[in-house]
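First the structure, then my questions, so here it is.
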Amino acid sequence: MNWSVFEGLLSGVNKYSTAFGRIWLSLVFVFRVLVYLVTAERVWGDDQKDFDCNTRQPGCTNVCYDEFFPVSHVRLWALQLILVTCPSLLVVMHVAYRKAREKKYQQEVGKGYLYPNPGKKRGGLWWTYVCSLLFKATIDIIFLYLFHAFYPRYTLPSMVKCHSAPCPNTVDCFIAKPSEKNIFIVFMLVTAIVCILLNLVELLYLVIKRCSECAPAKRPPTAHAKNDPNWANPSSKEKDFLSSDLIFLGSDTHPPLLPDRPRAHVKKTIL
């Protein structure tokens with residue numbers, strides 16, 4: 001896989017991301033992809049070859065390795081990074097689709113705009129971006145669960161005991177470079193959690209921003225209303241109406257006064 005081309009395509013999403021999205025993209029490429037390419041593959045390498053058990057029984061080492069390492073960390077991380085970065089490419093492709101439609105519209109009509117700004121997060125593009133955030137956060141959460149299912153404590157011990165057939169008895173198996181591997185495991189887990197938080201924060205930011213844009217703005221008084229003397233100087237009845245505690249009874253009778261309360265505290269009634 002050509003990672004440089006993949007990175008170049010994915011970096012185009014920067015133009016349509018918020019500050020949280022740019023931080024997420026930098027975190028993914030600098031702290032996850034580069035660490036995976038430069039160090040993780042070298043640390044794991046031929047992990048099965050370095051898995052050693054104190055027995056000469058043919059097939060025992062392979063069976064024990066498959067029992068304790070059903071899926072390699074490196075393979076899981078590779079699949080996780082591919083799935084996590086794909087939604088960002090969908091956003092770029094959606095923008096490219098809108099620009100192509102805009103260009104075709106200009107060629108056919110010759111004036112006007114199909115989209116006010118093809119790269120602006122509005123309409124379907126906004127939903128595509130929001131769905132991409134949900135998808136990325138969901139993928140990271142699923143892979144965190146998978147790591148926990150395969151390796152309950154996330155970290156690797158230096159020695160494991162195996163008693164699976166065809167091993168003659170319980171044998172001790174030793175994992176190569178356990179401390180170094182645990183450092184990278186914790187690092188990748190922490191960066192995944194940070195990416196999840198960034199996705200959720202960006203999603204919350206976009207929803208709040210959209211709600212504030214859709215909320216009706218308070219209109220200022222018109223010039224005609226300002227020139228109206230009743231608007232600047234309301235009558236005494238209007239002041240009394242606005243400042244008093246009111247009870248809407250919907251009847252023609254006044255409410256009875258309570259004997260244990262003074263008349264000054266009785267609420268006024270609108271007939």
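Quick reminder: no glycine exception, Cβ is built from N, Cα and C everywhere.
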Under the annotation given by Swiss-Prot, are LYS181 and CYS60 positioned on the same side of the membrane?
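Membrane side for CYS60 and LYS181, as annotated in Swiss-Prot: identical.
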Same chain only, please: residues at least 6 beyond the ends of the transmembrane segment (125-147) with a C-beta under 8 Å from a C-beta of the stretch. Say none if there are none.
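Sequence-remote neighbours of the transmembrane segment (125-147) are 16, 24, 71, 73, 76, 79-80, 83-84, 87-88, 90-91, 94-95, 98, 154, 189, 192-193, 195-196, 199-200, 202-203, 206-207, 210.
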Could you break down the residues of the topological domain 'Extracellular' (148-182) into DSSP helix, strand and coil, giving a count for each?
8 helix, 8 strand, 19 coil
Cβ under 8 Å to the topological domain 'Extracellular' (148-182), counting only same-chain residues 6 or more beyond its ends: which ones?
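Residues 43-44, 47, 50-55, 57-61, 63-65, 67-68, 70-71, 73, 76, 189.
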